[in-house]
């Protein structure tokens, strides 16, 4: 079948990397390879730190890694190196991205149960995640296939614009969830004026982790608005594995600390070792 050739507004939107830089190709392969390895490591880690396999936190972590990061990384590899038909790579990367970004937000939401007891706040955050997932991802799916199969129309331009819109929306969403979490955690810490050293250590870790997450999001937004589509998508996949592993890094300590205050409160983190 003859190959459809169209002019893309940004390299990588409608197909493979078209440059001839071996270093750039090596960077793509290395980062996506690291993302795949980290996702597999994350899956093993999830099964090792949970003693019971249930709860929103467990499932959001597992699904984000297994059905989010892995398909996204494989899809980008197949797409940028032309290793499979374009519909396969686009399907994998589009579905993987949708699951990955929503899964990350659900991970952030699930830990709110440790420190936020106001059901209205929790319902607002969950409603925001669901609304953004529907409002952002459905047009993204349409734009992804339209940019390839209707590339002589305005779909490639729409895809390029919508990519900026959805990245910005998801960035704001993560900022809101992280802010709610930090404020609630600081309030919780003030209820425990003793154990100052432990409180300080936990707050320091939380602030550092949230700063790193925000820094990664800002760098992705910067690449997107600079129209560096391929670096943005590759780093996005890699960064989300880092985000999910950072979530685990401090959670066990925070979980035990919060439970010392809220005995009997149930949450999606009940299966932690």
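Numbering starts at 1 and runs along the chain as displayed.
Glycine too: its Cβ is placed from the backbone N, Cα and C atoms.
A TrEMBL annotation is a machine prediction, not a hand-curated record.
Among the features that TrEMBL reports, transmembrane segment is placed at 22-49 (among others). Here the transmembrane segment (22-49) has long-range neighbours at 58, 61-62, 65-66, 69-70, 72-74, 76-77, 80-81, 230, 234-235, 237-238, 240-242, 244-245, 248, 252, 272-273, meaning same-chain residues at least 6 beyond its ends whose C-beta is under 8 angstroms from one of its own.
Mean pLDDT for the domain 'DUF7703' (31-259) in the predicted structure: 89. Annotation source TrEMBL lists domain 'DUF7703' at 31-259.
Within the chain carrying the transmembrane segment (56-78), a Cβ under 8 angstroms from the stretch's Cβ atoms is held by residues 28-29, 32, 35-36, 38-40, 42-43, 46, 50, 84, 88-101, 103-104, 106-107, 109-111, 233-234, 237, 240-241, 244, 247-248, 251, 267-269, 271-272, all 6 or more beyond its ends. Per TrEMBL, the feature transmembrane segment maps to 56-78 (among others).
Annotation source TrEMBL lists transmembrane segment at 84-109 (among others).
Non-local neighbours of the transmembrane segment (121-148) in the same chain are 8, 13-15, 86-87, 90, 94, 97-98, 102, 105-106, 109, 112-113, 155-156, 158-159, 162-163, 165-166, 169-170, 173, 176-177, 180; each lies 6+ residues outside the stretch with a CB under 8 Å from one of its CB atoms. Sequence annotations record features per position, and here TrEMBL assigns transmembrane segment to 121-148 (among others).
Sequence annotations record features per position, and here TrEMBL assigns transmembrane segment to 168-189 (among others). When Cβ-Cβ distances below 8 Å are used as the criterion, the transmembrane segment (168-189) is approached by residues 101, 104-105, 108-109, 111-112, 115-116, 121, 125, 128-129, 132, 135-136, 199, 202-203, 206-207, 210, 213-214, 217-218, 220-221, 254, 258, 261 of the same chain, each at least six residues removed from its ends.
Under the heading transmembrane segment, TrEMBL lists 201-223 (among others).
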Chain residues outside the transmembrane segment (201-223) and at least six past its termini with a C-beta under 8 angstroms from it: 167-168, 171, 174-175, 178, 181-182, 185-186, 189, 231-232, 235-236, 239, 242-243, 246-247, 249-250, 253-254, 257
